[in-house]
């Protein structure tokens, strides 16, 4: 199941460069995750890298 970013996103940009599948991009007001591209960092890390760096803790399970 893919992750998604909630409205609590502060648009800081910390998550985007952490994504190994380039599933995260800047939306109009918050960052967004492309569910078709997100694999929760399987094969790259033990847990989702974006979740680990998000200061607003707004990246959650979809």
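Placement of Cβ uses the backbone N, Cα and C atoms for every residue, glycine included.
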Candidate sharing the [4Fe-4S] cluster 2 site with 38, 41, 50 (per Swiss-Prot), from 12, 19: 19
Long-range neighbours of the domain '4Fe-4S ferredoxin-type 2' (29-62), counting only residues six or more past its ends (CB under 8 A): 1-16, 18-23
Per DSSP, three-state class assigned to residue 50 ([4Fe-4S] cluster 2 binding site): helix
